[in-house]
Amino acid sequence: MPEPTKKEENEVPAPAPPPEEPSKEKEAGTTPAKDWTLVEPPPGEEQAKQNANSQLSILFIEKPQGGTVKVGEDITFIAKVKAEDLLRKPTIKWFKGKWMDLASKAGKHLQLKETFERHSRVYTFEMQIIKAKENFAGNYRCEVTYKDKFDSCSFDLEVHESTGTTPNIDIRSAFKRSGEGQEDAGELDFSGLLKRREVKQQEEEPQVDVWELLKNAKPSEYEKIAFQYGITDLRGMLKRLKRMRREEKKSAAFAKILDPAYQVDKGGRVRFVVELADPKLEVKWYKNGQEIRPSTKYIFEHKGCQRILFINNCQMTDDSEYYVTAGDEKCSTELFVREPPIMVTKQLEDTTAYCGERVELECEVSEDDANVKWFKNGEEIIPGPKSRYRIRVEGKKHILIIEGATKADAAEYSVMTTGGQSSAKLSVDLKPLKILTPLTDQTVNLGKEICLKCEISENIPGKWTKNGLPVQESDRLKVVHKGRIHKLVIANALTEDEGDYVFAPDAYNVTLPAKVHVIDPPKIILDGLDADNTVTVIAGNKLRLEIPISGEPPPKAMWCRGDKAIMEGSGRIRTESYPDSSTLVIDIAERDDSGVYHINLKNEAGEAHASIKVKVVDFPDPPVAPTVTEVGDDWCIMNWEPPAYDGGSPILGYFIERKKKQSSRWMRLNFDLCKETTFEPKKMIEGVAYEVRIFAVNAIGISKPSMPSRPFVPLAVTSPPTLLTVDSVTDTTVTMRWRPPDHIGAAGLDGYVLEYCFEGSTSAKQSDENGEAAYDLPAEDWIVANKDLIDKTKFTITGLPTDAKIFVRVKAVNAAGASEPKYYSQPILVKEIIEPPKIRIPRHLKQTYIRRVGEAVNLVIPFQGKPRPELTWKKDGAEIDKNQINIRNSETDTIIFIRKAERSHSGKYDLQVKVDKFVETASIDIQIIDRPGPPQIVKIEDVWGENVALTWTPPKDDGNAAITGYTIQKADKKSMEWFTVIEHYHRTSATITELVIGNEYYFRVFSENMCGLSEDATMTKESAVIAKDGKIYKNPVYEDFDFSEAPMFTQPLVNTYAIAGYNATLNCSVRGNPKPKITWMKNKVAIVDDPRYRMFSNQGVCTLEIRKPSPYDGGTYCCKAVNDLGTVEIECKLEVKVVAQ
C-alpha cells in the first residue's frame, strides 16, 4: 500500500462541514458530560483566521463539499474549473486519504465523469459513490493541475448505518485496502493477512496495542509483528513512527505537548490535551490541515493552562493526523481508529459425498459481506473462470461450492477471518455401480458395422480392451461415451477385428466382456483382369494365372474347361491351391489352349463362380508384296493388303523399308507405326530404281518381311511457272511475261506452252484471288498459242479479235510431262489502252551533267506511254547530228550515246515524248570540259631584296570550265630546273620571296580548272636578278586595292524534283563585298519565320531546306542577294512528287 504522506503546504483546506446534531451515542471517556463546554468564536474572527492559514483558490470556481450518506445510498461530489485562460483541458485527480488515487478504483461503486460547457467555458468534474459502505468513510482530496498552476481542496465523507450501531473493531483492519481495478475497488480489505499457511485454531488473546509494540520493537521484528497482527499498511505506520521518534524541540508556547499517537475503538471517544506556558495564547486545532470547528462531534474545553479537544463517535474518517497551534508553534499527533474483528458465528461441518455430486460447505460470520479466505489442506483456494471452486456470499453466509466432486476433492477445508477460523473434512466415495445393459457377443459379416454397447448406473468414463490390449481410436474405430452409455463402434468390419472385447469402468473393479466373430462368403477377385476377364499369353510361353480369393473360412477351389475338370498334379495344364489364391498353370502355351476356363469356390458361408477366357497369341503372317500406284520426283505412293492371319492380336501398324535395286541394304522409312495400308515414301533420288517391302506389327511383335515390290523410278514434272503478268496489249495482240518454275527437278526444263481461251466458254470461270483457277476448264476450250515449245519467258499472242476477253495460262514441260498450269488472275481485254507519256529523269541528270573531253557519254532516260510514243531530241533548239551523237530508243527508255565527247557536244538537250495528243518534255544540261590554256602574258613587275613581284593575265581558253587556280614555278638561269613555288593560287598577281641573292631567275605560270593543269605554261621573257648587298632598294608605291564587289552568283540554283515526305534542299553560292544579305522567296513572296523552311549561309554557300514537302510546296523559288553595290536574283523550279502506295 502507498505510504501516508503529510499534507502539502500549498493545499487549500476545504471549508469545514456544518455543525451536526449532538450525538446520542455514549462517549469512550469517563469525564461527565457536564464538564464539556462548547466555545464558538465570533464569525468575523473565525473568517480572518481561516484566510490567514489558507490560500485563495487559483483554478477552482466551485470546490467539492463534504457530506454524509447512509449505507447503500449514492452521493456525488462536484468540482468546477473556469477555462477562459486555459488553452487545453486541465488534469484532475481524486484521492482518498493522503495517498490512494481513485482513478484506478473506478468500477461498480465509484464513477468519475467530466463535462465541458462551451458557452460558459466551464469544466465540470464529478465523483459519484454508488451504494456506499461504511468503509467508504474518510477524508478525500481533489487536485487540479494546468502547466505551472496547481490547486487542491479536501472534504470529508461520513457513512452512517441505517439501523443499529457499529461494534468496536481492532486497528489492524484499518490498513487493509482492496486490489485495484476490481468491482469493489476502493474498499477496505485484509487479504494480505491470509497467507498460504496451515490454518490453526486461534486462541482468544488479550487485546494488544500494536502501536506500542512497534514503538518498542527492533526494526528487524517489524515484518514479524505485521504478519502476526495482520497489518497491511506497514510502511504507513512506520512513517508515522519515524515522525514520532523525532526529538521534539523545547517549545516556549507549550509546557506539555500532545502524545505521539492515540488509539480508540470505532464509535468511541478520544481526548487530546495540551498545556500552555502562557494561558493567554490563542489555540487552534487542525485535522489534516483543515481547522476544526466546534460541534457536537468536536468539543473544546479550557482548564487553566490546559486546552482539551474531545472527539465523539469516532469513525474511520477520523483516522488522521491532528495538530494544535499556539502562536507560531504547533504540536501534532496521530489518531488510529480500530475496527472490531470479524468472528465465525457458524462453524463448518464435516461432509460426506459421492463422486460427481455437488458439494457445498457453509459458514456464517459476524458481519455482512465480510472478506473471508478459504483453504484446502492449508493451501488458499483462489476461485476463477478455470477453477472448479466457486464461492457464494449471501449476507453473513459464505458458501464454498464444488461441482462434480471427485476423490481428489477429499481433504480438510478451512475458512479464516480477521477474528477467527473454522475447518471441516470432506470425504468423497464412489457410488455402488449397477450394470443396466451388459455387452453381448456378436457375429457380423465382413464389411458391416460392429457396435458393442453397454449401460451402467453411473456417468463415469472407462477403458476398452481387445484381447487384453487397449483399443486405440482411429477413423474406423470410435469410442463413444454419452452419459451412462458406452459404445465401441467399428465401421467396415475386418477379419482382424475378431476377438475378445472388454469394457472396464474407471475406479471400479468391474469388467463387461463380449466376443466378436467375423464371417465372409467366398469371393473371386478378378480386379487384375480385363473387363471381359480375358488373359492373353504368347504362344510358347508359360501361363501362370493366379486368382486371389477370399472367404472365412477359406473356400475350396475347383477348375474346369467345358465338362473336363482340371486337377492338381504335374500335367501341362494343372491347378495349384493356396490359402488366399488359386492358380491355373499352362506350360508351353499352344494355339489350341485358347478357350473359357471356369473356377468354382465353396465354403460354409456360400459359393462363388467365375469364367476366365484364355487367349493364346502369336506373331502375324507377313503381308503380300506392296504395289506402287503413283510416282513423283522424290516420292511415290504405295498400297498393300493386311496379312491373312493377325496372330490372334489386332494389327497395330506397319513398318516400311526401302532400298535401291542395285543395293542389298534396306532402310527403315518410319519409326512410328503406320496405321493405314497406304504410305508415301519421300526423299528419293530421281532417276534411281527403288524397291519397297512391308512388316506387320501386333502386340506380340513384328512379322517377317513381305516380298519386295516391283522396281520403280522416281521422276516428276516441274513446278508451275511463276509471276505470270501482262506485258502489253494491242487491238489484236496480248504479250505475256512470266518467270521460270521455282523447282525444275532432275528431268530439266524443255520449254513452255502458253494457252488461252475466250471468256464465255462453256466452263470458263473467274480465277480465285491467288491467281489459280477455281477449277480447270475443259481441254477443248483451251487454245495453244505456240505450236512449238518456247524457251523464252515472254510470248505475244496474235490474231485476237478486238474487245474480246481471254483467259491465259502457261505450263512448263519436261520429260515427265507438263507441269500444273499457272493462271493469270483475271480476264484480259484485247484493246490497246492509251497511257499519257511521262518522262522519269534520273536524279543525277537533274543537275548539269559534266564529262571530260574524250570520255564516253551514255545517258538512259526512262519514260512511259502507250501505245509506243514518238520521241524527238533537240540540242539548243536544233536537230541533233546523228553522225556525232547516237540516239537509241526502246519501248521504255531512250539512250544518248557519245563515244568520245568533245567540247562542241556541250549544250542543252531537249526530249519530247508524244503519245497521240499527249506531249511530255524534259531537258538535260551536258557540259564537256577540257584542260585550260596557259595564261596570256606573265610579267615581272618589280624586284627588291629577295622578292620578285609577278603579274599575269587569265588564259583565253578556260577549257569550258571555270579557272580554279594557278601554279607558279621558278628556275635558276644557270640550271634551268623548274621548282614549284605556289600551287592552287587564285589571284593573277603574286610575290615570290626567299630568293637567293646573286642568282638570276625565270618564272612560269600554269592555269588550272577542274580537269587539271594546262598542258603548257607561260614563262617570263625577262629574268629577275637578285642584287647583292649594297644595292639601294627603292620601295615601290602601292595603291590601295578596292575589294568592293557587287553580289554575283557563282553557282546557280538548279531545277529540282522532291519526294513528298522527304526533306529537300536548294543550294547556290554567291560572292560580294560587303557581304550581301540573302532573301529567299517562293512564287515572288518572301519566306519569313515559316517553321517548314530552314535557311543557312556558310562561306558564301546559301541553302534552303524544306522539311517534308508536300505537293503544295512545289513552285518557283528565288534567292535574292543585296548589298550596297547592287542586287542579283536567281530562280529555280521545285516539283514535289507523291509516290503511289
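Positions of Cβ are set from backbone N, Cα and C atoms, glycine also.
TrEMBL has this to say about the protein:
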COMPBIAS  1-10  compositional bias 'Basic and acidic residues'
DOMAIN    340-427  domain 'Ig-like'
DOMAIN    522-615  domain 'Ig-like'
DOMAIN    622-721  domain 'Fibronectin type-III'
DOMAIN    722-833  domain 'Fibronectin type-III'
DOMAIN    837-925  domain 'Ig-like'
DOMAIN    934-1029  domain 'Fibronectin type-III'
DOMAIN    1047-1135  domain 'Ig-like'
REGION    1-51  region 'Disordered'
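Using a cut-off of 8 Å between Cβ atoms, the domain 'Fibronectin type-III' (622-721) and the domain 'Ig-like' (522-615) share at least three residue pairs, counting only pairs 6 or more apart in sequence. Counted as Cβ pairs under 8 Å, contacts with the domain 'Ig-like' (837-925) are highest for 1047-1135 among 522-615, 934-1029, 1047-1135. Mean pLDDT across the domain 'Ig-like' (340-427) comes to 86 in this model. DSSP labels the residues of the domain 'Ig-like' (1047-1135) in these numbers: 3 helix, 58 strand, 28 coil. Taken residue by residue, the domain 'Ig-like' (837-925) breaks down under DSSP into 6 helix, 52 strand, 31 coil.
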